[in-house]
Ligand SMILES: *[C@@H]1O[C@H](CO)[C@@H](O)[C@H](O)[C@H]1NC(C)=O
Ligand SMILES: *[C@@H]1O[C@H](CO)[C@@H](O)[C@H](O)[C@H]1NC(C)=O
């Protein structure tokens, strides 16, 4: 017979308190909190840390906190008909240690798509500023949650879950997206699987997708590999 461990009542209460106060907040937290007012990333520093070292304070200028990389429409002439303009810490060093970043995504008229992808280090909220987009994410139990959004409307993609957006309006579309990480990272499924160096062996993709080598090389060449 298996022995069951029963905790005395005070120990049980302490265990629950520990879970609620210590474990849950750290599981929900995104990037670590800053320990100083500002820490503009020195992208050229030779030492390697989790994040980036700070630029010397006497070299910091107002422009370190300014970024106009999302002000222009992206060029959507590509296989997907969409363009992601990135505003993470690498593009905008002033974000270093602050735990936030933004992207802009433009969609060509017709069927511009931001293909299925995920961000390993951040949840994402987006607000559509122009056009009409079908957006959705898929859970680890294969449930799709999706919605058609128009200008001013928002959606959220939980951290690490696969999601996509498709232009379903008449003209162009774009949105701005906010992340709770200075460096959300991105895993784009089609290119991650079919455009790597070196290539994933055909046997792996053949078996995974139940397709033959010809289809694999077709996909690779269409994705520019
Ligand atoms: C990094 O180096 C490049 C080229 O040497 C320079 O233009 C740039 O200003 C440097 N960036 C920082 C943050 O020091
Ligand atoms: C957009 O990108 C395409 C393909 O790279 C290029 O041919 C075209 O000149 C670009 N358009 C603009 C306005 O930069």
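The first residue you see is number 1, and the count goes up from there.
Even glycines carry a Cβ here, placed using N, Cα and C.
Heads up, TrEMBL stuff is auto-annotated, nobody curated it.
Annotation comment: TrEMBL describes 1-30 as signal peptide.
A C-beta separation below 8 Å, combined with a sequence spacing of at least six in one chain, links residue 39 (disulfide bond) to 52, 53, 54, 55, 96, 97. Per TrEMBL, disulfide bond is recorded for 39-54.
The domain 'Cupin type-1' annotation in TrEMBL covers 68-217. Confidence annotation: the domain 'Cupin type-1' (68-217) carries a mean pLDDT of 97 in the model.
In the three-state DSSP classification, residue 124 (oxalate binding site) falls within a strand. Within the same chain, residues at least six positions away from residue 124 (oxalate binding site) with a Cβ under 8 Å of its Cβ are 156, 157, 163, 177, 178, 179, 184. Positions annotated as oxalate binding site by TrEMBL: 103, 114, 119, 124.
Per TrEMBL, the feature Mn(2+) binding site maps to 117, 119, 124, 163. In three-state terms derived from DSSP, residue 117 (Mn(2+) binding site) belongs to an extended strand segment. The Cβ of residue 117 (Mn(2+) binding site) lies under 8 Å from the Cβ of 162, 163, 164, 186, 187, 188, 189, each on the same chain and at least six residues away in sequence.
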Query raised in the report: Apart from 103, 114, 119, 124, which residues in this chain have a Cβ no more than 8 Å from the mean position of the Cβ atoms of those residues at the oxalate site?
Result: 84, 105, 117, 126, 157, 163, 177, 179, 184, 186
Report summary line: Residues lining the Mn(2+) site besides 117, 119, 124, 163 (CB within 8 A of their CB center) are 118, 137, 157, 161, 162, 184, 186
Query raised in the report: Around residue 54 (disulfide bond), how many other C-beta atoms are within 10 angstroms of its C-beta?
Result: 19
